[in-house]
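> My structure is below; once you've seen it, I'll send some questions.
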């Protein structure tokens, strides 16, 4: 993590920096309107910036936000709502126009996975990845280090499905509006049907945990990078 955030114009390379006010910056994203950005910090706060003037529009801090590092965030396609996930096990939804937190989703300690030897697979409920369904603010996918993928209904603030993994989730991606791709510490790629909560398909091939994943623009190919020093390409995704 770095003590400040930077943005670059392409292809000119013009750079702007955004001060952190003490805490190190943990993640950032340019909003869909191209005029604003959001940055999050290790103290659990986040800020919404005007990109042109590099000034803060809203700062969300204190009891309204997280108690520890925000490590993942995503916003709706309209740029009105942001989801932030933290090592505190909480996912919060904030209105980007008002800077007000409008909902909180909590990961319950009682929902952790237990292995055959009765030891917890992970002793952390850290939220590792969040993503809204493409073109829709109504469904939010949340991946936790406790091994669970949660599908949340945003308007009703209810949990639709819990999709269980044998290890912590590293990252997730939506493929269309119906499937969520997850990569896990067990080295397996999985596609889940967000409508039913059922596993649609899985791919094996890595000998160690997966560190990152990307999806091709046409939604037909997955590329993964692993701790085993290899990248893998997977096709034949469910439709």
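The backbone N, Cα and C atoms fix where each Cβ goes, and this holds for glycine too.
Positions annotated as repeat 'WD' by TrEMBL: 32-59, 63-104, 120-162, 203-235.
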> With DSSP helix as H/G/I and strand as E/B, how many residues of the repeat 'WD' (63-104) fall in helix, strand and coil?
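Here the numbers are 2 helix, 22 strand, 18 coil.
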> Determine which residues of the chain contact the repeat 'WD' (32-59) at the Cβ level, with the cut-off under 8 Å and only residues 6 or more beyond its ends counted.
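Residues packing against the repeat 'WD' (32-59) from afar: 1, 5, 7, 16-18, 20, 22-26, 65-71, 73, 75, 77-79, 82, 84, 86, 88, 94, 96, 98-99.
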> By a Cβ-Cβ criterion of under 8 Å, what residues six or more beyond either terminus of the repeat 'WD' (203-235) are in contact with it?
167, 170-171, 173, 175-176, 181, 183-190
> Could you put numbers on the helix, strand and coil content of the repeat 'WD' (203-235), residue by residue per DSSP?
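Its residues fall into 0 helix, 16 strand, 17 coil.
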> Are there residues at least six beyond either end of the repeat 'WD' (120-162) with Cβ under 8 Å to its Cβ atoms? List them, or say none.
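71-78, 80-81, 83-91, 93, 103, 105, 107, 109, 111-114, 168-174, 176-177, 180, 182, 184, 192, 194, 196-197.
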